[in-house]
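> The structure is given below, and queries will be raised subsequently.
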Amino acid sequence: MQLTIATWNINSLRLRQAHLHKLVAELSPDVICLQETKVPDELFPEGIAQAINFPHVLKRGMKGYNGVAILSRLPLTLAENTPDWCGKSDCRHLSAEVATGGAPVTVHNFYVPAGGDIPDRTQNEKFAHKLDFLAETTAHFAKYPPRRAVLVGDLNIAPLEHDVWSHKQLLGVVSHTPVEVEGLNAWMAQGWHDAVRHFVPPAEKLYTWWSYRNRDWAASDRGRRLDHIWVTQDLSAELKSYKILREARSWEQPSDHVPVAVTLSV
DNA sequence: ATGGTAGCCGTGCTA
């Protein structure tokens, strides 16, 4: 069967429930991974998953910040005992097994710390947290090599030169600094393959996020590719297509991120 | 070099 997995930093699930209908119409996903849901589990709007016919829901949310969720058409089994990253219990990761026609597929949904403004771990503890988070995920997947897995999320790093609108101007800006890129690449090297760059040559500009702090995001087009989909090497030959839903940045009261999806045979 | 906007919740924090 074909499996389509979408990822989206929705920046408040309760505020943008209606957008999920559009996401489903445009991408026809089987699994939707959300970040920055910004809703505690007890206030999670269960009705929205029913309304879009995604009966299987896992969520890990908190008040005000962060929060991740997985909505699925296919049965999910929560992966228990995943690490408490950096000991913060701050709702940045959910992992589940998805029941498919064939063998199950493991999905990881991550929301990596943004890292604050100053790219120096001694001056900025949020940047230190981001680097520590990358080191922990790298060590985790080195210890437990992933198989038949898909990793998605807002990883808050644009690793390639053409994942940002200006490589030179962003080299010192958090999300594109060499130390972050090195950390992300070390993580990816633990068995992962970039499923979107699989389809798009590195010289081609590719963005999934455009700042709110811009009067005309489309005209200036100062984007970054912060949202990613990776697959394990055993699934890379099964990749069929990808889509970045750029038009979502123009939806009414939009998120600053747009959905990304990949389809593979499983 | 600076400021710009958005969402949550309180008059600031995080992105």
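Positions of Cβ are set from backbone N, Cα and C atoms, glycine also.
Note that TrEMBL annotation is computational and uncurated.
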> Of A:Glu36, A:Glu42, A:Glu125, which one shares the Mg(2+) site with A:Asn9, A:Asp154, A:Asn156, A:Asp256, A:His257 in TrEMBL?
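Among A:Glu36, A:Glu42, A:Glu125, only A:Glu36 appears alongside A:Asn9, A:Asp154, A:Asn156, A:Asp256, A:His257 as Mg(2+)-binding in TrEMBL.
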> Let me make sure I understand the structure: which of the binding-site residues listed (A:Glu36, A:Asp256) has the fewest other Cβ atoms within 10 A of its Cβ?
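Output over binding-site residues A:Glu36, A:Asp256: least Cβ neighbours within 10 Å is A:Asp256.
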> Would you mind reading off the Cα separation of A:Asp256 (Mg(2+) binding site) from A:Asp154 (active site, proton donor/acceptor), to the nearest angstrom?
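Each residue's Cα considered, A:Asp256 (Mg(2+) binding site) and A:Asp154 (active site, proton donor/acceptor) end up 12 Å apart.
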> Looking only at C-alpha atoms, tell me how far A:Tyr111 (active site) is from A:Glu36 (Mg(2+) binding site), rounded to the nearest Å.
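That separation, Cα to Cα, works out to 8 Å.
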> Among A:Asn9, A:Asp154, A:Asn156, these being the recorded positions, pick the one whose CA is nearest to that of A:His257 (active site, proton acceptor).
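For A:His257 (active site, proton acceptor), the spatially nearest of the recorded positions is A:Asn9.
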